[in-house]
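This report concerns only the one structure given below.
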Amino acid sequence: MTLQIIAGKAGTGKTTHLMDEVGEKIKKTSKTYIFIVPDQMTFQMETSFLNKQNLAGMLGTQIFSFSRLAWKILQETGGLSKTFLSQTGIEMVIRKAALDQKDKLKIFSRATSKKGFYSELAKLFKEMKQEEISVDELEKSAANLSTSVSSKVHDISLIYQKYEELLAGKFLENEDYLRLLADKIIESDYLNQTEIIIDGFTSFSKQELTVIEKLMQKCDKVTVSLTLNVPEIHKGLEDFSMFKASTEAYFALLEMAKLNKIQVEPEKILLENKRANSDSLAFLANAWGDNKYSSYEGGANDLTIHQANNRRAEMEGVAREIRQLALNGYRYRDIAILTRNIGDYDILCETVMESFDIPIFIDKKRAMAKHPFIEFIRSSIDAILFNWKYEPIFQAVKTEFFFDVAENATIMRRKADILENYVLENGIQNKWKWEKEGDWIYRKIRGLSTNVLPQTDEELATQSVINEMRNLIVEPLSTLENNITKAKTGIEFAMALYHYLEQVKAVEHLESWRQVAEENGYLELAREHEQAWSSISELLDEFVEVLGEEELDVNSFSEIITTGLDALEFSLLPPSLDQVVLADMENAKLLNMKVIFAIGMNDGVMPLRQKDKGILSDQDRDSLRVENSNLKPSAKNNIGEEDLLAYKIMSLPSDKLFLSYPAADEEGKVLSESNYLRKIKGQFKNLNESVYLTDPSLLNDKEQSSYIRSKQATLGLLTSQLQMYKRGYPLSNVWWDAYNSYFEDSKESEAAKQVLSSLYYENKTKPLQETTAKNLFGENIHASVSRMEKFFSCEFQHFAQYGLKLEERAHYKLQAVDMGEIFHGAMEWISAELKRTNRDWGNLTEEECRQMAKLAMTFLAPKIQHEILLSSKRMEYIQYKLLQIITRATTVLNEQAKSSAFRPIGLEVDFGLKGDIPPLKIPLQSDSELLLQGRIDRIDAAEQDDRTFLRIIDYKSSSHDLALTEVYYGLALQMLTYLDIVVTNAQKMIGKTAEPAGVLYFHMHNQYVQAEKELSDEAIARELQKSSKMKGLILSDPVAVSLMDTNLEKGKSSNIIPAEIKQNGELSARSRTATKAEFDKMRRFVRQKYQEAGNKILDGAVSINPYKLKEKTPCQFCGFRSFCGFDPSLASNQYRHLTNEKTETILTKMDIEGGTQ
C-alpha cells in the first residue's frame, strides 16, 4: 500500500500523465484502476477516456465521484437499506425540525418563516457533516463567546439535534454515504487489487480525507494529483496564497500516510506548461501561477480584452467571435463560456446563441418553482390558508389545471377571463362568497341599480359561463380544504393533496402538454412536464417517509410542502457531442478546452466583493474558528480562493482566451472592469483591446460582416442600419448584400417586407370605410353629449370606446364616478320626496335637511357597486363622509332656495327617443341624423312679468366652471346642449316659451372655513354660503339675476351665483354673464359642432389626435393609451395644441361658424 502525489501548476499535464500511466499499466496487469473526480467532471472524464486511444474500451478502468463510489461499495457490502433523502427532502425535514423547536429559539424564531432560511441551514448542516463537526464541538466553541454568537449556536444545535432525530435510523443524505463508505471500504472485495487515482480536486473536506485514509489502508496504491506551486510546498503555508487549500491537502495526505505507516512514493512534480499552445497564454498561466508581476513584450494575438456597452452587447460580441472560430475550424465542443454570475447571463445567452444558430448547453439547474404544476399546488394551498382570496385562486386558475382536459384550451381561457372579471367586479374575496348556495347572478349594471330590469339573453349566457367555471374551481378546492382540515398526520395531509391532484386530473393535463410539446419539437419542454409530475410524486413520497406519522397542523403542512416546492429543480441532460458550454466559473470542471470566454469580468465580481451572508456571519466564523479550525473560514479570508479561480480561468484554454466585461447594467448603472483585467493590461504591452459595439457602422466592411448571423436575427440589425441610412449616414455594401439576399428567397421576402416596413412606420390610422363606419356606428348615430365631447378630445379614443366597444376591467372599488352617482341619486331622491310630500326646498329646517340626507343615503347605499358601501368598516366610514357631503349640499340648497325665486321643475330628466323630452336631432350627410340622448340633473324655472326663465343646474363632485374655450373646441358641450334642449322644448315641458337664464355647476363637497380669528356662527354660515357659490354662465338680465338671488344688493356680490351688482345697478365685469343673443349664438354653434362630429364619424374619422390645452390632455386618464401607442416623440404623433382666447374672440368665432340655423 503506497501513496503518491502528482504536483504541478495548472496546465502541466497532471491528468494526461495519470491517464497515460494507467494506459501503460493496464497492459501489464489485471488490476482495476479507479479514478475519483469531482461530480461535475465525471462526464468529461469518461469522454476523455473514450477519446484516448490507449484507454478506449479498457475494462480495467472505472470513473467515480466520491458519492458514486459510495453507492457502488454500499451496494456490495450492504448499507443501502435506509432511504436516501434528496435536497428537497432535507429542506422539508429541516423546516419541520425548526417549527418543532420554534418556541425555544432565541435568534431564529422569526427567520423560520423566511424564504431561503432553510436552504442556508441545509448548507451549514452539510458543512458540519463534511468537516465532521459535532453539535457538542460547536457549542463548546461558542461557550465563551458573545451572547449573539452563543444564541445562534444554541438555535443551530436545537434544530440540528431535532433534524438528526427525525432522520435517525431511517434516512440518509449525501454526506452520510461518505461516512458509511469510510466504514465499509475495509469489507469491499471490489477494492481488492485496485489502484485509486484522485484527480481534479483543489481541496478535500475532512470527510473526504477520512475516505482517502481508508482507501490508503485498503488499496494497493492511492495517487493524488494536486494543483500546487511547488516552491510553496517547501516554504510553508501563506495565509492568502491561492494554493493554500491544496497545500494543506498535501500535508494532510502525508500526515495520514505517516500515521498509518503507508509507504510514500517520491512525488512527481510537473513543471512545464503543456496545455498552452501560444507563448502569451503560457506566460499568463505561469505568471499567475507564480503570483509574480512580470511583463510580456511579445505579441498577444491569443489573448484579448473586450468592453461592451451592456450584457447583451457583450453576449452578441461573444457569439460573433464563436461564429468566426467555427468558420476557422473549431468545434463548438472546444469552446466554453464562463461567468461568475450565471443568473445574469443564462437566459440572455440562450436567446443570443439561438439567434446566431450556435448550439449551447447551459450548465445550470433551473428551479421548478415557475412551472404551472408547482404554481398550481402552491396557489391552491395558499387559497385555503387565506380564505379563498382572489390572488391565489386565480394564480391557480391560470395554470389551467381546473380546466376540463377535453375542452379547447382557448375557449376555457376565455371563460376563465369572464369569471375573473365577475369576481373582481363583485369583490368576491372569501370562501363564504365562493361557496354560497345558488347560482351567481350576472347583470351588467354600472352605477346605481335603482331600477333593475329583467336579465337579457346575453346576461343569462354570461351567467351560465360564470357558474360553470365557478363549479370547476369550488368542487375540487372545497374537497381539498375539507380533507386538509380533517388531516392530523403527515400521511393524511399528503393523501389529501394527492387526491386533489387526482380530482383535477393533473397527470392527464401534464401528459397532454407533454405530447403537444413533443409534437411541436419542444423536447426540453416535454421533459419538464414529465419531470414536474415525477418530482411531485417523489416529494410526497419523501414527505410521507419522513413525516408520515408526525402530527401536523395546516400551517405546518403548508410551510413544509412550500419549502419542498421551492427546492425542486429540473435535472440537466448532459451536453451533446458538439455544443458550446456556458458554465459557472466556481463549479465548472472542464477538460481539453481550446477556447475560453470569461464574461462579466467586472469589479466586485472578479474578485468577488464578499457579502456577509449565511446563518453564521464572517465575524461569527472567525470567533468560532479560534476553537474549531474545521469550520470553513470567513469570506474575507477567501482572497486566495478568488485568485485561484482567476488562475484556473487564465490557465484553462489551450488556444485562445477572451476576457470581457459590460460597462453598464440593464438600468444604465456604470460598471467598472475587474482589477484582474487591469493587472493583465499592465503585464502585456501589446494586448489586443477592443469594444463589442452594438452599432457596427463604425467598423470596416470585414468587421461589419461578422454582425451578419441567421436570416431571422439579422433582420433587426439590418433595419437599424437602414434607419441610419435614411438619416443620411453611409451604409456598407455588406448590408445591401444582406438586404438583397432576403428578396432572392420568396419564403424570406414576406417576413423581410413586414419587418422592414417599420422603416416607414408612422403611428397613424386610416379612415374607416363608409360601410365599416355605418356598421359600427349605425346609419343614424344615437349618442350622448359626453360621447361627442370624447370625439373632440381624441377621435381614436371615441373609436376605441364606442366603435370597438372596449372597456377597462371593472374592479370592486368606489371610484369618483360612483360618488357622482350617489350625489345625483341623493338629490333626485330628496327632490322626489319633497314633491311627494308637497314641500319646498326653501321651507325645510336644518334638522329636516339632515333627515332627508340620511334617508337618501339609507336608500342608495345598498344600490351602488354591488353593495360596496356595506362591505367593510372602511366603506362604512366612507359612507359616513358621503353622508356629510349630501347633508351639507342639502343644507346649502335649502339656504339658496330661500334666496331664490327659481324652483326645480325637473330632476334627472331623460331626453331621447324614450325620454321625457325628445332627442335633439342634428341633420347629417346622406340623410343621416345624430340623435342626442342623455339625462339632465336639474331644470329650474322662474317667472316674472309674463317672462319665463329656465336654467340648468349640474351637480359635480369636483369644482367645475364653464370655459368658453373648451366649448369652442367641443370639449365642454354638455351644459349649453342641455339649455338648448329645455328652451327648445319649453312649450312641451311648461306649456309656454321660455328664455335661457343660464347654466350653473353646483359643487357637492364638505366645505371648511379658514379664518385668522374666531368667527361667530352667523359669520361662519356666511363664509360657508360664499364657498358654495355656483359657477357657470348666467343671462345678463337684471330680472333674471334678481330672480336667482333675491337678496342681491347694489355694490354687492352674490353668494349664490357668479354675479355682482355695481352701485348704479348694472352687472359688473366680474360677473360671468352672456346676453340672450350670445346664448343663442352659442346654442347654434353647439349644434354645428354636433353636425361636424357626426359627419366625421360617418366619414370614418379615427385619427389619434389628442388635444393639449395648457397642461390638460385626454391622455392623462385614458385607458386606451397603450392600445393606440401615441408617442409625442414621433413626428407622426403630435398633440393638437389648443389656445385660450378672450371671450369676445371666442363668441365672434362661434357666431361665424355657428351659422343662422
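Quick reminder: no glycine exception, Cβ is built from N, Cα and C everywhere.
Feature annotation from Swiss-Prot assigns domain 'UvrD-like helicase ATP-binding' to 1-277.
The feature ATP binding site is assigned by Swiss-Prot to GLY8, LYS9, ALA10, GLY11, THR12, GLY13, LYS14, THR15, with sequence analysis given as support. Counting every protein chain shown, the number of other Cβ atoms lying within 10 Å of the Cβ of THR15 (ATP binding site) is 20.
Feature annotation from Swiss-Prot assigns domain 'UvrD-like helicase C-terminal' to 271-590.
Reduced to three states, the DSSP call for CYS1118 ([4Fe-4S] cluster binding site) is coil. Sequence-distant neighbours of CYS1118 ([4Fe-4S] cluster binding site): residues of the same chain at least 6 apart with a C-beta under 8 Å from its C-beta are CYS794, GLN797, PRO1106. Annotation source Swiss-Prot lists [4Fe-4S] cluster binding site at CYS794, CYS1115, CYS1118, CYS1124, citing sequence analysis.
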Would you mind giving the whole-number mean pLDDT across the domain 'UvrD-like helicase C-terminal' (271-590)?
88
Across all protein chains in the structure, which of the binding-site residues ALA10, CYS1115 has the highest Cβ count within 10 Å?
ALA10
Using DSSP and three states only, what is CYS794 ([4Fe-4S] cluster binding site)?
coil
When you average the Cβ positions of GLY8, LYS9, ALA10, GLY11, THR12, GLY13, LYS14, THR15 for the ATP site, which other residues in that chain have a Cβ within 8 Å of that mean position?
THR227, LEU270, ASN273, LYS274, ARG275
Can you list, in sequence order, the residues of the same chain other than CYS794, CYS1115, CYS1118, CYS1124 whose CB lies within 8 Å of the CB centroid of the [4Fe-4S] cluster site?
PHE796, GLN797, ILE1104, PRO1106, PRO1114, PHE1120, ARG1121, PHE1126
In whole Å, note down how far the CA of CYS1124 ([4Fe-4S] cluster binding site) lies from the CA of LYS14 (ATP binding site).
66
Fewest Cβ neighbours within 10 Å, where candidates are the binding-site residues GLY8, GLY11, GLY13:
GLY13
Three-state secondary structure, LYS9 (ATP binding site) (per DSSP):
coil
Measuring Cα to Cα, how far is CYS1115 ([4Fe-4S] cluster binding site) from GLY11 (ATP binding site) in Å?
65
Provide the number of Cβ atoms within 10 Å of the Cβ of THR12 (ATP binding site), excluding the reference atom itself.
26
List the residues of the same chain that sit at least 6 positions away from CYS1124 ([4Fe-4S] cluster binding site) in sequence and have their Cβ under 8 Å from its Cβ, in sequence order, or write 'none'.
ASN763, PHE796, GLN797, ALA800, ILE1104
When DSSP is mapped onto helix/strand/coil, what comes out for LYS14 (ATP binding site)?
helix
